[in-house]
Amino acid sequence: MPSLRKRVKIQAENAEPKDECSFFSELSSGSEEDNKEDSIWEPQKKVPRNRRQPASKGSKRKQGPRAKKSSQQVDDESKDVAVKEELNSPVAIVDADLEEKSHKLQTTKTLKTAAKKQKKPVPRAKKRLKVDEETSQASPLEGGGSNVETPSTSACGNVCKKEESEDSFTFGQSPVKRIRTESCPQGRPARVPDGVSDIKEEVEMNWDVVQVLSERTNIEPWVCANIIRLFNDDNTIPFIVRYRKELINNLDADFLREVRQTLDELRDVAKKVHSRIQKIKKEGKMSECLLQALLNCKTFEELEHVSAPYKMGSKGTKAQRAKQLGLEGAAWTLLENPGQLNLLSYIKPDVKGLSELNDIETGVQHILADMIAKDKDTLDFIRGLCKHRYICIQSSLAKVSSKKVNEKEVDKFQLYQNFSCNIRTIHHHQILAINRGENLKILTVKVNISDGVKNEFCRWCIQNRWRPRGFARPELMKILHNSLDDSFKRLIVPLLCREFRAKLTSDAEKQSVMMFGQNLRQLLLTSPVPGRTLMGVDPGYKHGCKLAIISPTSQILHTDVVYLHCGQGFREAEKIKRLLLHFNCRTVVIGNGTACRETEAYFADLIMKNYFAPLDVVYCIVSEAGASIYSVSPEANKEMPGLDPNLRSAVSIARRVQDPLAELVKFDPKHIGVGMYQHDVSQTLLKATLDSVVEECVSFVGVDINICSEVLLRHIAGLNANRAKNIIEWREKNGPFINREQLKKVKGLGPKSFQQCAGFVRINQDYIRTFCSSQHTDSSGQSQETAMVTNEKLGKKKNKADATLIPNPLDQTCIHPESYDIAVRFLSFIGGTMCEIGKPEMQQKINVSLGKEGIEETAERLQTTVHTLQVIIDGLSQPKTFDIRTDFDKPDFKRSIVCLEDLQVGTVLTGKVENATLFGVFVDIGVGKAGLIPIRFITEAKLSKTKRRRSLGLGPGEKVEVKVLNVDIPRSRISLDLLRVL
């Protein structure tokens, strides 16, 4: 901190009350020699954060006579060129006369610099980056093509601001952000969308949103800036992840969601700050220092701490009541000139609070304590101090818990009844468990800050920040010591505890929601089992087991109810066998709900006896979470009218194996039932994350626009329920879509929506050819074919050129329409044709071309980025039937069953991950009870390279090989060790 500044002597003993925060910018540490000296001092002006000082009126530039034009001078328009000031650059107010005399010299030097740069251009990529409209409007030199910058008004003396090359600018204002690659260690420019302006938040604060976002998410500032711009431009996460990788440094969707959540939090804080500012202004309590303190707030806890004294209350704070008694001047005098302070002069026997000297000392103490607790430098010091000291969170059994809460509920929190852990090492699931116990009045939680923190804090305050300006009598130093102690215990410690608890809870909730999203992604991307006739079984006791047989195309073939657990098992077995043989069904899908274990044992026994011969029947267990909710929903009633809701559940269970993604998107993802503490976290955050994960999965898998359902279509990036409905109506009215461009004709689908969704909708070319050929055989002849291919009636304003629509083979790939011209040039470069898309010949030509010339050189030749070219290569080489879900695991089909009593320690088994939490992974090993792999046994070495990524960790559906560590039969608990991922 800077050295202490000496303060002006106070002539009067009863000094006028000053601004309560004006002292904050002046107090700082000082040497012992300053106490002996009593010289007059002058307060220094507070330096702004951006270090820019506006020029005074007298220093404005005087316009002299215009110089004659020459080949080395700028034309008249060049005076309007805007120069982007660099952050933290030295600032000086230029004298008007000096500036006028040196103006011509500055311009001449600038022109010479520009001329030299034109002679020695920096070799860069062939495709130059575009600057925004402000830079493009600057007039070029008459003799050259580069823009000329006028001398910066903030430059010191005759030093001219260094001119940057055109390639060094992104968005037209800030320096270009670079991405490091192996072939280009210094980084290559990240291309940005045209027309993107600088980041301007709706609500301005004293902190930079990009910098704070980077600090909280641990992501590079330039990446955060690009992400903010992309989100401000209404881009969706799937679109950004696939088609804007170069702007986000190849981050995955989980990181983008984290950035968006943090950004929303910061914006919510900013909005609440300005709302609180307006409220305080209306009450007439606003001061400049309070305004700056509010604008410095970055969290809700800081905002509440700063604005708490100004809330409407009956009594106000202790400091406010002391100020109303006129003791604020005494507090300032104690700090600035303690030798002139006489507390006896404040005694007024007839005024409560001023009648005794002890009351006056207490009032001054409260004012000083409030000043200390509101000082930014003091809070920054104590926060930094806590980062390097032992701070623990403790939980214990509440005294009244045994009287009001059930004993079974208390036993659930046995681990936390005498619990203590460092806040830097505590696990997220422990925080959520402690919070739940506290909310249920079972646990008492507190944060313990060691005494060493208090001692060092008080020592720093006395010796540095809050050191009096001059000699202070012992009784005054006692007041100051009491103020520090009171401020620390009563104000600062509660604030720190709230901040620690809020940070721990926020991080734990985010991790819990992220884990829920990862589990949901694994379920949605479970590999489908197409081409099979399936029997879905919804188990039950009294009301029987509901059966539903569906065709390979998900059509309902038969529904029935059988009573397997009511003494009629043998007779019902004949019915089941008859149904399986009649529909040639070899796969049974059993829901994991009530009576699942008994139903599984029933089918396993029949299969082991070869009862269904000649059919080789297998079965699998799937989660039926959400099936009952969906069965009574309007969507289910519309899809399966007239069918009993109980039978709809059986249909849904069967379809979850045939096409999990298409079935699971039909209901709210929070009902799927994978995750941890989902009811304890923010429901808004949970819903936003799960909806985003569903959108991500559906978009990356892609949909066939001509056959997909409305429910699936509404989850595509850029679409919603209304747009999906309009697309279906357009398809029913005009026939199938011939190419992606026709999406622009759908009502409510503007350019932005088309940009976001176009790359994720596919148009099957075989389906289009079949449709067109069917029109040839129609009795109406060629005229009807043309009418159907156009997909709309010709109006008066329609051109004949619009009547004929030509299918585009690129519409069946993941290539975005904005890259079609690059894809065509790439095909020409490798000697390929549209007919070879998705065939082995295309892959061979791509490999030969990239073998001769690497992908980076090819990207430069095509004037595009490596990421865009990679998407084009993937789209051209992937087979027409490519599905990203084929890389994920399929359901585990079984023929036999194992009991819990059969397990032995050391037995090696294979199983399927059922759920993943922050403390471990639950694995279904076929014994009716899932075993737990503690998180300490899931090491990076046991995971494959593809599973080490943050978004592809162990999740539901993963097949693993485990070893039994412990079997607790009375408690039905199984401990497992992960051997490897299958």
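Glycine is no exception: its Cβ is also placed from the backbone N, Cα and C atoms.
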Per Swiss-Prot, the range holding coiled coil, considering 256-283, 788-815, 844-871: 256-283
Residues of the parent chain within Cβ reach of the coiled coil (256-283), under 8 Å, 6 or more residues beyond its termini: 201-205, 209, 212-213, 216-217, 219, 224, 227-228, 231, 237, 240-241, 248, 290-291, 294-295, 297-300, 303, 307, 310, 312, 510, 514, 517, 685, 688-689, 692
Model confidence over the coiled coil (256-283), averaged pLDDT: 92
Residues in the domain 'S1 motif' (906-979) grouped by DSSP into helix, strand and remaining coil: 12 helix, 35 strand, 27 coil
Cβ neighbour count (within 10 Å, all chains shown) around K942 (SUMO2 cross-link): 17
